[in-house]
Ligand code: IVH
């Protein structure tokens, strides 16, 4: 949209600029609140972006007028730094766990059977403490040891639903959980080639980014669930009043919280369990808190936890066991995951002999070492984890600074808590890379499981994925190996041969390059970058590399990885070998119909449909009949197919005057072209 001349910051006096900055800041904060806290946006993303950019422009033109709590500050800074330690102003306590109704009710009955309790979601993210002085966010601090935490204020400021300034000049210390919705996690992880195990780990890593501009890119949110008001002691009589106050102060509080007495507790827990399936954010249980503040004070605290609250852990099939050793797995990206070898216990139907310890931070937080008695649990994920320490064992375990597989010195990667092996020839990395390549979701090579690949690598049959295509020359020798009979070798070689038919859409992500997963591959192909030659040509031209940023969904870290990947001689050599082996290096053309009524049109699809489930079916049809599919609405989009649940894309389409079709209108359109959507010809 062209700017009106008198709109330019340069034509404004300082006074006018100040007024405009104040007005825009208030409006932006209000819309951020409606969007991130209330979930009820009143304006389109497009309008919001315009307003935001306008404020940024003004602040750039009048730097002295910039408010320290400006909403534009959430973009983050590029400065790297170590975190300062912060002495908490109150002890940051944790909760005593209960694992079933009986344990919880037992506690309720012993504590205050008639009393009122809040029951709220226990959010599974990263614990954070926010300190506001006179209504301004001063510090955001990790829980740390409970006494001292890391000051991660710059990162916390980038979280969109954390208010930087409160509607009143109040001093308040709050506790909350930084988390990511499942949807946001999946989208972000997809763009990061699936390198994050779960939303909790990603959230925890995100608030510890050294560069706040990186935190700003992550779709983090917060729920606050507890607060103290050092200046206005005794004002709030109940937890309910505190939560209401937080809501008034524009803090997001967990949804669904109820207040019940002991007699309703069991039913309430059942109700929450039913709701859990549909919940959009990760939770690992409930927190039950006595509502009355004076009763809380009377009960007091143990050294670590309040006596007036309990966590109720869901699906807590927890078993106690002893850590006999701690070993590591080195993944294809080099990430080193420590895991505890434990005395075998049966857990949810399987015998568990090891449990993950995630990373050094997690080990430190638990304070765990070899010999510790621990509780292990299977969460939603497949791999069991050490969850709690019963007795700590020997010294807190320290991951050695050399890769357990190849002994190379390990490194820490910017903003990640994990340690990495940097050696691309590390045997475990290479093996896991080949395992990844052969997986069903990737090249889907039959007959090659983890064990076979490990054997082939250890016995020098294959040292890279390209070697798979020379394996046929060693057929006779291979058939002499134990476990590789004629039949299984035929299956393996057949599977490898078959993989040459796999579309480039699979070849590219299977190579396992950082940031180049299925989603980015699709985006590239969608924008006409549909062959390896094209990719390599772009990688040699700085301007063309930068222009990748214009593709919605591709950000700077992907572009950087793109540049690094395709200038790496080893990778180029591997690609060359795969090409020579006969793999497809150009995306298969999408099948097209004889008639092309959608030729020249660019369609975006959003919302859900009765006749097209999943909605990709509608997209396939459009492409089959000559249209182009796009994943985001832009000025180049010509049509939007919008079903119920359409959100910002619909608003943006209306904004840009793009033709919008609902399902019935789309069916009519198909009919007018004599297209039978159930039977396309
Ligand atoms: S209340 C003194 N409420 O669970 C009271 N904690 O195991 C402190 N958590 O460190 C906590 N959701 O990080 C409380 N609704 C909730 C919570 C919650 C998640 C986390 C929090 C805490 C841990 C305790």
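Each Cβ is built from the backbone N, Cα and C atoms, and glycine gets one as well.
Remember, predicted model here, so these are calculated numbers, not experimental data.
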| Need a hand: TrEMBL gives 45, 46, 47, 48, 49, 94, 95, 120, 143, 177, 289 for NAD(+), which of 18, 23, 264, 313 is also on that list? | 313
| Cβ contacts of residue 45 (NAD(+) binding site) (under 8 Å, same chain, 6 or more positions away) | 648, 651, 652
| message | Beyond the listed site residues 403, 406, 421, 426, identify every same-chain residue whose Cβ lies within 8 Å of the center of their Cβ atoms for the Zn(2+) site. | response | 330, 334, 404, 405, 407, 408, 410, 422, 423, 427, 428, 429
| 47, 49, 95, 122: which of these recorded positions put a Cβ within less than 6 Å of any ligand 1 atom? | 95, 122
| query | Compared by Cα position, which of the binding-site residues 406, 421, 426 is the closest one to residue 289 (NAD(+) binding site)? | reply | 421
| request: State the Cα to Cα distance, in Å, between residue 95 (NAD(+) binding site) and residue 406 (Zn(2+) binding site), rounded to an integer. | output: 41
| According to DSSP, how is the domain 'BRCT' (593-675) divided among helix, strand and coil residues? | 28 helix, 14 strand, 41 coil
| task | Going by Cα-Cα distance, pick out whichever of the recorded positions 122, 406, 421, 426 is nearest to residue 47 (NAD(+) binding site). | result | 122
| Which site among 95, 403, 406, 426 has the most other CB atoms no more than 10 Å from its CB, taking these as binding-site residues? | 403
